[in-house]
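Peer 1: If you scroll down you'll find the structure; I have some questions about it.
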Amino acid sequence: MATLPDGALMQRAATGLATAVADLLGGVYGRRIVLLVGPGDNGGDALYAGGVLARRGASVEAWLLADTWHDDALAALRRAGGRTSAPRPLRAGAVDVVVDGVFGIGARPGLPPRVAEAVIPISSSIPFVAVDVPSGVGVDTGEGGGMHLRADLTVTFGTHKIAHLADPAAQACGVVELVDIGLDLPPAPVESLGEADVAGLLPRPRPDDHKYTRGVVGVRAGSATYPGAGLLAVAGANTGLAGMVRYVGSAAETVKQHHPEVVGPGRVQAWVVGPGTADDAEQHLAEAVADDVPLVVDADALGHVTAPLPQAVLTPHAGELAAMLGVERKAVEAAPLRHATDAAARFGCVVLLKGNHTGIAGERVRITTAGTPWLATAGAGDVLSGLIGALLAAGLAPFDAASVGSWLHGAAGTLASDGGPITATDLARAIPRVVQQIAVRHWGL
Ligand SMILES: NC(=O)C1=CN([C@@H]2O[C@H](COP(=O)(O)OP(=O)(O)OC[C@H]3O[C@@H](n4cnc5c(N)ncnc54)[C@H](O)[C@@H]3O)[C@@H](O)[C@H]2O)[C@@H](O)CC1
Ligand SMILES: Nc1ncnc2c1ncn2[C@@H]1O[C@H](COP(=O)(O)OP(=O)(O)O)[C@@H](O)[C@H]1O
């Protein structure tokens with residue numbers, strides 16, 4: 001890298017950006033492109049890319065939205081036939097694409113008034129392409145902060161940034177395209193598992209295994225009010241990833257009718273405690289903790305966690321985490337990663353905060369991007385807690401069990417949905433199929 005001539009990385013980034021814009025537009029000649037240009041390298045990338053596109057016959061105008069800009073890049077745009085112009089309202093169809101090169105990875109969250117005034121009168125139906133990140137989002141936190149732009153496509157370089165993975169910023173990025181420009185990168189502060197990572201972590205049955213060596217998971221869930229939550233937590237646990245499932249609770253008869261494989265109380269390697277347990281939650285939690293095995297704590301049991309639980313995975317949604325931390329739900333939703341990390345430190349364990357992109361805070365931070373908004377359906381979280389419990393029983397460490405479980409859950413939701421609505425029961429049924437696909441693709445079975 002040190003041997004690259006000055007500006008070579010920027011040229012590579014600009015070429016990648018121009019290619020992505022051309023792909024989005026389905027062509028370049030005659031297309032009308034507006035560049036929103038800020039003071040730094042992000043604006044430089046946009047200007048150089050604009051030059052590439054202008055040379056291929058696009059009409060490119062740059063709106064200079066700061067008092068300074070990248071001089072060489074602007075000169076390159078002008079040489080290629082591009083021009084500068086003053087911001088103006090843009091109705092639908094007035095231009096083909098707007099490229100957001102206002103702020104990049106070094107910027108603070110929020111937008112100055114001059115940028116906001118230029119962007120507000122642009123029709124929301126004009127596609128936006130962001131350079132590195134939509135301007136204004138919290139690059140290193142994923143937080144929405146104040147005002148920020150939204151993109152249909154975000155083109156980033158070298159590696160994903162936290163804003164591409166963590167909500168709410170991730171939701172402002174649209175589709176994220178990664179362009180390799182030959183950067184020498186430090187280890188990522190946040191990870192996101194892919195299918196191959198999950199294949200490497202998932203426990204595989206060995207020829208000499210029997211049901212007890214594969215791990216027994218116990219489920220304490222359901223009540224007279226919510227027998228269904230007990231059934232669904234069992235459905236997530238009873239997907240073949242552990243050797244056996246035990247159930248303890250007041251829905252035992254219903255559970256046995258639906259899941260004849262499931263047995264009653266006894267020794268377990270991991271507990272799942274909480275879904276639908278209502279008034280029994282505190283006692284169930286105390287009994288599970290007394291067993292001194294790893295455990296998943298969900299739903300009603302979360303309100304009874306008062307001391308650190310080092311072997312636990314806590315699986316709150318934003319409302320439950322807000323209640324645990326004594327803050328407003330909106331505060332958690334605006335900064336999910338920060339609150340999950342705070343809770344992990346406070347309770348001395350892994351905290352998985354459910355949402356569109358689920359964040360897992362423990363020894364490191366992982367974000368699950370697998371899934372579909374069709375998962376926002378009653379009982380989907382109950383299935384997740386059972387699934388993570390099975391992975392704990394099968395021997396995964398809490399951080400891996402939470403992140404692998406979350407990935408499988410998202411992939412099963414996507415598979416079951418196939419673009420349409422699903423129930424939590426459909427979701428649980430799809431989990432073995434996702435594992436089977438992984439086995440075929442990655443284990444050669
Ligand atoms: N079939 C069943 O028997 C089901 C039973 N369930 C049980 O129903 C009980 C109540 O669960 P709830 O999750 O509704 O909790 P609550 O009704 O206690 O909700 C707590 C707070 O969180 C907010 N909130 C609810 N869902 C949220 C979400 N997904 N994201 C962000 N904020 C959210 C609510 O506005 C509320 O302020 C639990 O015992 C749960 O396990 C649910 O799991 C759904 C299915
Ligand atoms: N908009 C969304 N996009 C993707 N996944 C979602 C979305 N909303 C919720 N989910 C997922 O669905 C599940 C819902 O769990 P939870 O809120 O506990 O519901 P319940 O208590 O009804 O089971 C979680 O795994 C969460 O990550």
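For all residues, glycine too, the Cβ spot is worked out from N, Cα and C.
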Peer 1: Kindly point out which candidate in G326, G381, G386 is recorded by TrEMBL as part of the AMP site with K354, G355, N356, H357, T358.
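Peer 2: Given K354, G355, N356, H357, T358 bind AMP in TrEMBL, the matching entry from G326, G381, G386 is G381.
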Peer 1: Long-range same-chain neighbours of K354 (AMP binding site), Cβ under 8 Å, sequence gap at least 6?
Peer 2: T315, P316, H317, A318, G381, L384
Peer 1: Between G276 ((6S)-NADPHX binding site) and G355 (AMP binding site), what C-alpha distance do you get in Å?
Peer 2: 19
Peer 1: Select, from A229, G276, H317, T358, D382, each of the binding-site residues with a Cβ positioned under 6 A from at least one atom of ligand 1; if none does, say none.
Peer 2: A229, G276, H317, D382
Peer 1: Can you name every residue in this chain, apart from A229, G276, H317, D382, with its Cβ inside 8 Å of the center of the Cβ atoms of the recorded (6S)-NADPHX site?
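Peer 2: Everything else in range on the chain: A221, Y226, L232, A233, G274, P275, D298, A299, G379, G381, S385.
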Peer 1: Which residue among the binding-site residues H317, H357 has the fewest other Cβ atoms within 10 Å of its Cβ, if you could check?
Peer 2: H317
Peer 1: Relative to the Cβ position of G381 (AMP binding site), how many further Cβ atoms are located within 10 Å?
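Peer 2: Other Cβ atoms within 10 Å of G381 (AMP binding site): 26.
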